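So the structure is just underneath, and the comments pick up after that.
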(Lines of atoms letter the chains of each structure in order from A and count residues from 1; the text may use other names and numbers.)
(Lines give C-alpha, C1' and ligand atoms only; values in the text may rest on other atoms or scores of the structure.)
Protein backbone atom coordinates (compact mmCIF):
# COMPACT_ATOMS: atom_id res chain seq x y z
CA UNK A 1 0.00 0.00 0.00
CA UNK A 2 1.40 3.37 -0.91
CA UNK A 3 2.35 5.87 1.71
CA UNK A 4 2.34 9.62 1.42
CA UNK A 5 3.74 12.50 3.43
CA UNK A 6 1.38 13.80 6.06
CA UNK A 7 0.72 17.52 6.11
CA UNK A 8 -2.13 18.79 8.26
CA UNK A 9 -1.74 22.45 7.31
CA UNK A 10 -2.15 24.74 4.34
CA UNK A 11 0.50 27.44 4.26
CA UNK A 12 0.54 31.10 3.33
CA UNK A 13 3.79 33.07 3.14
CA UNK A 14 4.30 36.83 3.13
CA UNK A 15 7.47 38.95 3.06
CA UNK A 16 6.92 42.51 4.25
CA UNK A 17 8.11 45.46 6.35
CA UNK A 18 11.69 45.91 5.09
CA UNK A 19 13.81 47.84 7.55
CA UNK A 20 17.44 48.77 8.12
CA UNK A 21 19.27 46.76 10.74
CA UNK A 22 21.56 48.70 13.12
CA UNK A 23 24.51 47.00 11.40
CA UNK A 24 23.51 48.61 8.11
CA UNK A 25 21.91 45.85 6.04
CA UNK A 26 18.25 45.52 5.06
CA UNK A 27 16.13 42.82 6.65
CA UNK A 28 12.62 41.64 5.87
CA UNK A 29 9.79 40.30 8.00
CA UNK A 30 8.89 36.78 6.88
CA UNK A 31 5.54 35.39 8.05
CA UNK A 32 4.55 31.76 7.60
CA UNK A 33 0.87 31.13 8.32
CA UNK A 34 -0.31 27.57 8.93
CA UNK A 35 -4.06 26.96 8.50
CA UNK A 36 -5.37 23.65 9.82
CA UNK A 37 -7.17 21.56 7.21
CA UNK A 38 -9.46 20.14 9.89
CA UNK A 39 -10.36 23.47 11.51
CA UNK A 40 -9.86 26.64 9.42
CA UNK A 41 -10.02 28.74 12.58
CA UNK A 42 -6.93 26.99 13.92
CA UNK A 43 -4.23 29.29 12.56
CA UNK A 44 -0.60 29.43 13.64
CA UNK A 45 2.09 31.89 12.58
CA UNK A 46 5.87 31.85 12.59
CA UNK A 47 7.67 35.18 12.11
CA UNK A 48 11.38 35.60 11.43
CA UNK A 49 13.51 38.47 10.15
CA UNK A 50 15.86 37.62 7.27
CA UNK A 51 18.33 39.46 5.05
CA UNK A 52 19.05 39.11 1.34
CA UNK A 53 21.87 36.59 1.84
CA UNK A 54 19.50 34.29 3.77
CA UNK A 55 17.00 34.31 0.91
CA UNK A 56 19.75 33.74 -1.65
CA UNK A 57 21.03 30.69 0.24
CA UNK A 58 17.51 29.25 0.54
CA UNK A 59 16.94 29.88 -3.16
CA UNK A 60 20.06 27.93 -4.06
CA UNK A 61 19.17 25.00 -1.79
CA UNK A 62 15.59 24.73 -3.04
CA UNK A 63 16.61 25.17 -6.69
CA UNK A 64 18.98 22.21 -6.35
CA UNK A 65 16.22 20.08 -4.82
CA UNK A 66 13.73 21.12 -7.49
CA UNK A 67 16.20 20.35 -10.28
CA UNK A 68 16.55 16.79 -8.98
CA UNK A 69 12.77 16.32 -9.00
CA UNK A 70 12.72 16.54 -12.82
CA UNK A 71 9.56 18.65 -12.79
CA UNK A 72 9.61 20.05 -16.33
CA UNK A 73 6.12 21.57 -16.32
CA UNK A 74 7.02 24.41 -14.00
CA UNK A 75 9.88 26.88 -13.98
CA UNK A 76 11.68 27.53 -10.73
CA UNK A 77 11.36 31.24 -9.89
CA UNK A 78 14.37 33.43 -10.51
CA UNK A 79 15.89 35.49 -7.72
CA UNK A 80 17.38 39.01 -7.99
CA UNK A 81 21.13 39.09 -8.40
CA UNK A 82 23.35 40.55 -5.72
CA UNK A 83 24.72 44.03 -6.28
CA UNK A 84 27.05 46.35 -4.41
CA UNK A 85 25.69 49.69 -5.57
CA UNK A 86 22.07 50.69 -5.25
CA UNK A 87 21.02 47.89 -2.95
CA UNK A 88 19.41 50.38 -0.56
CA UNK A 89 17.22 51.93 -3.25
CA UNK A 90 13.49 51.40 -2.81
CA UNK A 91 13.12 49.66 -6.17
CA UNK A 92 15.87 47.15 -5.37
CA UNK A 93 14.44 46.45 -1.92
CA UNK A 94 10.98 45.86 -3.39
CA UNK A 95 12.39 43.60 -6.11
CA UNK A 96 14.12 41.47 -3.49
CA UNK A 97 11.03 41.39 -1.27
CA UNK A 98 8.86 40.26 -4.19
CA UNK A 99 11.42 37.66 -5.28
CA UNK A 100 11.63 36.21 -1.77
CA UNK A 101 7.84 36.04 -1.45
CA UNK A 102 7.49 34.36 -4.86
CA UNK A 103 10.11 31.80 -3.85
CA UNK A 104 8.32 30.86 -0.63
CA UNK A 105 4.89 30.67 -2.27
CA UNK A 106 6.28 28.50 -5.05
CA UNK A 107 7.11 25.80 -2.49
CA UNK A 108 3.51 25.46 -1.27
CA UNK A 109 2.29 22.91 -3.84
CA UNK A 110 5.51 20.85 -4.03
CA UNK A 111 5.83 18.55 -0.98
CA UNK A 112 9.56 17.97 -1.50
CA UNK A 113 10.13 21.71 -1.11
CA UNK A 114 7.30 22.44 1.30
CA UNK A 115 8.65 19.96 3.86
CA UNK A 116 12.35 20.33 3.08
CA UNK A 117 14.85 20.56 5.97
CA UNK A 118 16.24 23.72 4.39
CA UNK A 119 12.89 25.49 4.62
CA UNK A 120 12.41 24.40 8.22
CA UNK A 121 15.91 25.59 9.07
CA UNK A 122 15.12 28.92 7.43
CA UNK A 123 12.40 29.53 10.03
CA UNK A 124 14.52 28.28 12.92
CA UNK A 125 14.44 30.79 15.76
CA UNK A 126 10.91 31.96 14.99
CA UNK A 127 8.23 31.73 17.65
CA UNK A 128 4.97 29.90 16.93
CA UNK A 129 1.99 32.12 17.81
CA UNK A 130 -1.77 32.10 17.29
CA UNK A 131 -2.90 35.38 15.68
CA UNK A 132 -6.56 34.41 16.10
CA UNK A 133 -6.21 34.81 19.84
CA UNK A 134 -5.26 38.47 19.34
CA UNK A 135 -7.94 39.43 16.81
CA UNK A 136 -10.68 36.97 17.72
CA UNK A 137 -12.95 39.55 19.37
CA UNK A 138 -12.95 43.05 17.90
CA UNK A 139 -15.04 44.37 20.78
CA UNK A 140 -12.02 43.99 23.02
CA UNK A 141 -9.05 46.28 22.59
CA UNK A 142 -5.96 44.48 21.30
CA UNK A 143 -3.22 43.72 23.80
CA UNK A 144 -0.26 46.10 24.05
CA UNK A 145 2.58 45.67 21.60
CA UNK A 146 4.96 44.95 24.48
CA UNK A 147 3.51 42.09 26.57
CA UNK A 148 4.13 42.13 30.28
CA UNK A 149 6.63 39.38 31.16
CA UNK A 150 6.01 37.00 34.06
CA UNK A 151 7.58 37.99 37.40
CA UNK A 152 10.37 35.43 37.02
CA UNK A 153 11.49 36.83 33.65
CA UNK A 154 13.54 40.01 33.21
CA UNK A 155 11.63 42.97 31.74
CA UNK A 156 12.65 43.98 28.25
CA UNK A 157 13.06 47.67 27.58
CA UNK A 158 10.74 49.07 24.86
CA UNK A 159 13.61 50.26 22.68
CA UNK A 160 15.07 46.75 22.66
CA UNK A 161 11.97 44.86 21.50
CA UNK A 162 12.35 45.66 17.81
CA UNK A 163 15.93 44.43 17.62
CA UNK A 164 16.36 40.86 16.36
CA UNK A 165 17.87 38.54 18.90
CA UNK A 166 21.31 37.36 17.75
CA UNK A 167 21.29 34.10 19.70
CA UNK A 168 19.19 31.97 17.30
CA UNK A 169 21.38 32.93 14.33
CA UNK A 170 24.54 32.19 16.29
CA UNK A 171 23.15 28.91 17.52
CA UNK A 172 22.06 28.01 14.00
CA UNK A 173 25.60 28.60 12.77
CA UNK A 174 27.01 26.38 15.50
CA UNK A 175 24.52 23.61 14.69
CA UNK A 176 25.81 23.47 11.14
CA UNK A 177 29.29 22.71 12.48
CA UNK A 178 28.20 20.14 15.03
CA UNK A 179 28.18 16.40 14.42
CA UNK A 180 24.61 15.27 13.59
CA UNK A 181 24.92 12.38 16.07
CA UNK A 182 25.06 14.81 18.98
CA UNK A 183 22.31 17.42 18.40
CA UNK A 184 21.59 20.11 21.00
CA UNK A 185 18.61 19.57 23.31
CA UNK A 186 15.36 20.73 21.76
CA UNK A 187 13.46 23.62 23.30
CA UNK A 188 9.65 23.97 23.42
CA UNK A 189 9.84 26.57 20.63
CA UNK A 190 11.91 24.22 18.48
CA UNK A 191 9.50 21.34 19.09
CA UNK A 192 6.54 23.52 18.09
CA UNK A 193 8.34 24.50 14.89
CA UNK A 194 9.19 20.87 14.13
CA UNK A 195 5.52 19.91 14.44
CA UNK A 196 4.56 22.47 11.78
CA UNK A 197 7.40 21.49 9.45
CA UNK A 198 6.89 17.78 10.03
CA UNK A 199 8.54 16.20 7.01
CA UNK A 200 9.14 12.74 8.48
CA UNK A 201 5.72 11.40 9.44
CA UNK A 202 3.67 9.36 7.00
CA UNK A 203 0.14 8.08 6.83
CA UNK A 204 -1.55 5.37 4.86
CA UNK A 205 -3.06 6.57 1.62
CA UNK A 206 -6.82 6.41 1.41
CA UNK A 207 -8.12 3.09 0.15
CA UNK A 208 -10.84 4.81 -1.89
CA UNK A 209 -10.01 5.45 -5.56
CA UNK A 210 -8.68 8.88 -6.41
CA UNK A 211 -11.38 11.26 -7.59
CA UNK A 212 -11.21 12.72 -11.06
CA UNK A 213 -12.18 16.25 -12.07
CA UNK A 214 -15.41 17.52 -10.54
CA UNK A 215 -18.64 17.44 -12.50
CA UNK A 216 -20.42 20.65 -13.47
CA UNK A 217 -22.91 20.13 -10.64
CA UNK A 218 -20.11 19.73 -8.12
CA UNK A 219 -18.21 22.70 -9.47
CA UNK A 220 -21.35 24.81 -9.07
CA UNK A 221 -21.08 24.36 -5.32
CA UNK A 222 -17.69 26.07 -5.45
CA UNK A 223 -18.64 28.72 -8.02
CA UNK A 224 -19.03 32.11 -6.28
CA UNK A 225 -20.99 33.47 -9.28
CA UNK A 226 -23.15 30.42 -9.90
CA UNK A 227 -26.30 32.58 -9.71
CA UNK A 228 -25.31 34.62 -12.76
CA UNK A 229 -27.43 34.30 -15.90
CA UNK A 230 -26.15 31.64 -18.24
CA UNK A 231 -23.97 30.04 -15.59
CA UNK A 232 -26.24 26.99 -15.55
CA UNK A 233 -26.22 26.11 -11.83
CA UNK A 234 -27.45 22.69 -10.83
CA UNK A 235 -31.05 22.24 -9.59
CA UNK A 236 -29.70 21.36 -6.17
CA UNK A 237 -27.80 24.62 -5.97
CA UNK A 238 -30.84 26.59 -7.15
CA UNK A 239 -32.87 25.00 -4.36
CA UNK A 240 -30.25 25.95 -1.82
CA UNK A 241 -30.24 29.56 -2.97
CA UNK A 242 -34.05 29.69 -2.94
CA UNK A 243 -34.09 28.42 0.61
CA UNK A 244 -31.42 30.97 1.46
CA UNK A 245 -33.57 33.85 0.27
CA UNK A 246 -36.71 32.51 1.95
CA UNK A 247 -35.15 31.86 5.33
CA UNK A 248 -31.94 33.83 5.63
CA UNK A 249 -32.59 34.38 9.31
CA UNK A 250 -33.01 30.70 10.12
CA UNK A 251 -30.00 29.18 11.88
CA UNK A 252 -30.27 25.93 9.89
CA UNK A 253 -29.86 27.65 6.52
CA UNK A 254 -26.51 28.50 5.02
CA UNK A 255 -26.25 32.25 5.69
CA UNK A 256 -23.61 33.21 3.14
CA UNK A 257 -22.77 32.15 -0.37
CA UNK A 258 -20.15 34.18 -2.30
CA UNK A 259 -22.03 36.32 -4.77
CA UNK A 260 -25.40 35.34 -3.27
CA UNK A 261 -28.27 37.37 -1.87
CA UNK A 262 -27.03 37.26 1.70
CA UNK A 263 -23.82 39.02 0.69
CA UNK A 264 -25.54 42.11 -0.68
CA UNK A 265 -26.77 43.50 2.61
CA UNK A 266 -26.22 42.61 6.21
CA UNK A 267 -28.83 42.40 8.96
CA UNK A 268 -28.89 46.17 9.44
CA UNK A 269 -29.20 47.07 5.76
CA UNK A 270 -25.55 48.13 5.45
CA UNK A 271 -23.33 46.97 2.60
CA UNK A 272 -21.58 43.67 3.18
CA UNK A 273 -17.95 43.87 4.36
CA UNK A 274 -15.34 44.43 1.67
CA UNK A 275 -13.49 41.23 2.52
CA UNK A 276 -16.33 39.18 1.03
CA UNK A 277 -15.98 40.89 -2.34
CA UNK A 278 -12.22 40.41 -2.31
CA UNK A 279 -12.51 36.73 -1.44
CA UNK A 280 -15.23 36.23 -4.06
CA UNK A 281 -13.01 37.65 -6.78
CA UNK A 282 -10.09 35.38 -5.83
CA UNK A 283 -12.19 32.23 -5.52
CA UNK A 284 -13.96 32.94 -8.81
CA UNK A 285 -10.62 33.19 -10.57
CA UNK A 286 -9.47 30.01 -8.83
CA UNK A 287 -12.50 28.20 -10.22
CA UNK A 288 -11.71 29.41 -13.72
CA UNK A 289 -8.08 28.35 -13.36
CA UNK A 290 -9.17 24.91 -12.17
CA UNK A 291 -11.48 24.45 -15.16
CA UNK A 292 -8.64 25.51 -17.47
CA UNK A 293 -6.26 23.01 -15.88
CA UNK A 294 -4.03 25.70 -14.31
CA UNK A 295 -3.91 23.85 -11.00
CA UNK A 296 -1.04 25.75 -9.30
CA UNK A 297 -2.84 29.05 -9.92
CA UNK A 298 -6.15 27.54 -8.77
CA UNK A 299 -4.57 26.24 -5.57
CA UNK A 300 -3.05 29.63 -4.83
CA UNK A 301 -6.35 31.36 -5.56
CA UNK A 302 -8.30 29.14 -3.17
CA UNK A 303 -5.67 29.63 -0.47
CA UNK A 304 -5.59 33.41 -0.88
CA UNK A 305 -9.39 33.56 -0.84
CA UNK A 306 -9.59 31.52 2.35
CA UNK A 307 -6.86 33.67 3.87
CA UNK A 308 -8.94 36.82 3.28
CA UNK A 309 -12.09 35.15 4.64
CA UNK A 310 -10.35 34.10 7.85
CA UNK A 311 -8.82 37.54 8.29
CA UNK A 312 -12.14 39.31 7.78
CA UNK A 313 -14.66 37.06 9.52
CA UNK A 314 -13.82 38.14 13.12
CA UNK A 315 -14.97 41.68 12.30
CA UNK A 316 -18.18 40.72 10.50
CA UNK A 317 -21.15 42.18 12.44
CA UNK A 318 -23.51 39.37 11.38
CA UNK A 319 -23.24 36.22 13.56
CA UNK A 320 -25.19 34.18 11.00
CA UNK A 321 -22.94 35.26 8.16
CA UNK A 322 -19.84 34.55 10.23
CA UNK A 323 -20.94 30.93 10.58
CA UNK A 324 -21.65 30.70 6.86
CA UNK A 325 -18.25 32.13 5.97
CA UNK A 326 -16.53 29.60 8.23
CA UNK A 327 -18.37 26.74 6.52
CA UNK A 328 -17.47 28.02 3.06
CA UNK A 329 -13.85 28.49 4.07
CA UNK A 330 -13.73 24.86 5.17
CA UNK A 331 -15.15 23.78 1.78
CA UNK A 332 -12.57 25.77 -0.16
CA UNK A 333 -9.77 24.42 2.02
CA UNK A 334 -10.97 20.90 1.28
CA UNK A 335 -11.06 21.62 -2.45
CA UNK A 336 -7.55 23.08 -2.33
CA UNK A 337 -6.35 19.92 -0.60
CA UNK A 338 -7.93 17.77 -3.33
CA UNK A 339 -6.20 19.79 -6.04
CA UNK A 340 -2.90 19.41 -4.23
CA UNK A 341 -3.14 15.63 -3.92
CA UNK A 342 -4.79 14.88 -7.28
CA UNK A 343 -2.86 17.18 -9.58
CA UNK A 344 0.24 18.61 -7.90
CA UNK A 345 1.74 15.84 -5.76
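Glycine residues also receive a Cβ, built from the backbone N, Cα and C atoms like all the rest.
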Of 177-225, 226-274, the range Swiss-Prot labels region 'Disordered': 226-274
Feature region 'Disordered' in Swiss-Prot, mapped to one of the ranges 133-163, 288-318: 133-163
Neighbour count (Cβ, 10 Å) for residue 105 (omega-N-methylarginine): 19
The domain 'PX' (1-130) [mean pLDDT, rounded to integer]: 85
